[in-house]
Amino acid sequence: MSAHAKQKRLTTASIRQMKGEARIVCLTAYTTPIARLLDPHCDLLLVGDSLGMVLYGMETTVGVTLDMMIAHGRAVMRGVEHACVIVDLPFGTYQESKEQAFRNAVRLMQETGCDGVKLEGGEEMAETIAFLVARGIPVFGHVGLMPQLVHTAGGFRSLGHSDAETQKIWRDGIAVDQAGAFAIVVEGTVEPLARELTEKLAAPTVGIGASPACDGQVLVSDDMLGLFSDFKPKFVKRYADLGTAATQAAAAYADEVRSGAFPGPEHTFQVRKPSPSGK
C-alpha cells in the first residue's frame, strides 16, 4: 500500500465499538471550512438541524428542511477525512411512517455521502429505527430533551425530575437501543438517569446536557466556539470567544477603511515594468 494512501474514515461500527474503550468526541459542523478544522479532533461530526437556529436565526429547529440538511451535509463531507459524519433528519421527514423515513434517509445518504442519519424519538420511533437499520441505514438515536418537540414539551428544559419523566426516558432509551441504533444522544437529562442509561444500554451514549458518565459528549460548535450568543445553555462550556474576536476584527477593518489606511501598498497591485529585454 502506498504511504500516501488516503486514511479511511471512522464508521458507525467504529463508533459503536468505542463503548467502554474510549470516550466519543462529537461536535456539530455545517460548512466545509469548519469541518476541516474540527475533523482531526473528532470521532463524530454531526450535521445537526441546530443549524436552523445558529446559522439561519430560527427560534427552533422545526423550520429546517431536508434540502437544507442535504446542502450542509454535502458541504461538511467535502471537508472531512477522518470523522464519521451523521446528518439529522429534520422535523416532518420521518414521523409520518417508516416508509417516509426510509425514502428521506436514502435521499440524505445518497446525496451527501454521509455515514448515517440521526432522528429524535423513543418508543414511538423504535419501529422506524429498526426498519431503517434492517435496510442498511445506520441510525443515531436521540432521547431525553428533543428539540423538534419543543412546542409540545413546554420549551427547552432539563428532564428526569419526576418519576413520569424518568420512566419515559428510560423506556425510550431501551426501545431505541433494542431497535438497533449504533449510538444514542441523551440530551438535557439529569445526571443519575443518564448514568444509569449508559450502564444499561448496549449502544454508546453521547451526552449533551446529560452526564459525564455518558460514553461521549457532543456540543453545538457555535456554542463551544463562542459564535452563538443569543443564549448560553447551562451545559455549554465556551472554549473560545470567536464572536468577540470577529466583532473586534470587523471594527478594526471598518476603522481602516474609513481612515484610508486599508488597503495599503502591500495589498495593492501595481503595473509591472517591462524588463530591458522586453520579456
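Cβ atoms here come from the backbone N, Cα and C positions, even for glycine.
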Mg(2+) binding, same site as Asp49, Glu120 - Swiss-Prot member from Asp67, Asp88, Asp163, Asp172: Asp88
Lys118 (3-methyl-2-oxobutanoate binding site): secondary structure state under DSSP, collapsed to three categories: strand
Pairwise C-alpha maximum, in angstrom, for the residues (Asp49, Ser50, Asp88, Lys118) that bind 3-methyl-2-oxobutanoate according to the record: 12
Glu120 (Mg(2+) binding site) and Glu187 (active site, proton acceptor), distance between Cα atoms, whole Å: 10
Sparsest Cβ surroundings (other CB atoms within 10 Å) among the binding-site residues Asp49, Asp88, Glu120: Glu120
